Amino acid sequence: MRYLTAGESHGPQLTAILEGVPAGLELRAEHINKELARRQKGYGRGRRMQIEKDEVKITGGVRHGKTLGSPIALVVENRDFKHWQTIMAVEPIDDEAEVKRKVTRPRPGHADLNGALKYGHRDMRNVLERSSARETTVRVAAGAVAKRILEEVGIRVAGHVIEIGGVRAKKLDYRSLEELQAVTEESPVRCFDPEAGQKMMEAIDWAKKNGDSIGGIVEVIVEGVPAGVGSYVHYDRKLDAKIAAAIVSINAFKGVEFGIGFEAARRPGSEVHDEIIWSPEQGFSRRTNRAGGFEGGVTTGMPIVVRGVMKPIPTLYKPLQSVDIETKEPFAASIERSDSCAVPAASVVAEAVVAWEVAAAIVEQFGQDRMDLIKENVERARRYAKEF
């Protein structure tokens, strides 16, 4: 399974083409729209989310509510495009006023300058329109399709926020993934700990008041993945490596860890590795899950636990210093409409990209063409592991 996306932040639409999704999967627009609505929520979002109400159009690969096995085409309209039709026109324009609106002041922390150097753009709008986090809209749409695959084989995915602006959640004593999801869906910052959630909102308010931005840490948990998914044979087949790449590919994400993560560097081996246990009811398992569900790039059967670090959004209403690429004079960086904090929304994006990688691994390992055969093969793998 793979997907490609196309479209600019203020262009007419965003598009995703999904290849390799098995035939026979029940899929409706409402499955995807539910995830798109979750992405648009979150304390600290900017005015753009008041303009857009993201809804998907499925224009290929689905008939009568089921996937066909052919490529799936997903389209999400940018409603704000009506205000940008001249600036984002496909054909050449001769409107001098619009030409003068080109972006020549790169923003620190963005792809503006690097992208202009790479592609030879003198107007950095050509860079920022595509490097914008608006593109994650269709990545969430693709992830919604992946979640449907995982649901069919009894695999559940949940994401939540564990830190914003230095405020870290301490109360994480949820008894099930369902409880975690129920509580975080009601939290404006998608945090299970209500006391920490309140302090996170206060930190976001402070950032907004001061024209600044703050980042944080999100966690994604995947339960129900059979042992033995992924591979230790080659570096590019390790499932944890694919998930790590997917997490860091999200806009503004700068780090990733599994299980106890970087804490492993500060502990002796006896406090890092998970002891193996066995019972007639469960077969082989682990006493703990410090590895976060992976050993050697292969799933252990324990929950996958992965965290990603999101830096503060670089677009600031109190802009940092930069240099105009035309005049070479120092200026305060350009300001684009932005959020004070997008960590809650980013947890939904992280869910989506992790779901895609896990679903792709399941489809590859247990049969690529038909959903019914994949379900049979996954159940067979679970029985095999239990009886091993």
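Backbone N, Cα and C atoms are what each Cβ position is placed from, and that goes for glycine too.
The annotation NADP(+) binding site is assigned in Swiss-Prot to Arg39, Arg45. Summarising the annotation, Swiss-Prot assigns FMN binding site to Arg130, Ser131, Ser132, Asn251, Ala252, Gly296, Lys311, Pro312, Ile313, Pro314, Thr315, Arg337.
A map of Swiss-Prot features onto the structure.
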| residue | record | DSSP (3 states) |
| --- | --- | --- |
| Arg39 | NADP(+) binding site | helix |
| Arg130 | FMN binding site | helix |
| Ala252 | FMN binding site | coil |
| Lys311 | FMN binding site | coil |
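Distance noted between the C-alpha atoms of Arg39 (NADP(+) binding site) and Ser132 (FMN binding site) is 15 Å. Between the listed binding-site residues, namely Ala252, Ile313, the fewest other CB atoms within 10 angstroms of a CB are found at Ala252. Cβ contacts within 10 Å of Thr315 (FMN binding site), excluding its own Cβ and spanning all protein chains shown: 22. Using a 10 Å Cβ-Cβ cutoff, Arg130 (FMN binding site) registers 18 neighbours. Taking a C-beta cut-off of under 8 Å and a sequence gap of six or more, Lys311 (FMN binding site) has these contacts in its own chain: Gly109, Gly215, Ala252, Phe253, Lys254. Residue density at Arg39 (NADP(+) binding site): 26 other Cβ atoms are found within 10 A of its Cβ, drawing on all protein chains shown. Taking all protein chains in view, 19 other C-beta atoms sit within 10 angstroms of the C-beta of Ser132 (FMN binding site).
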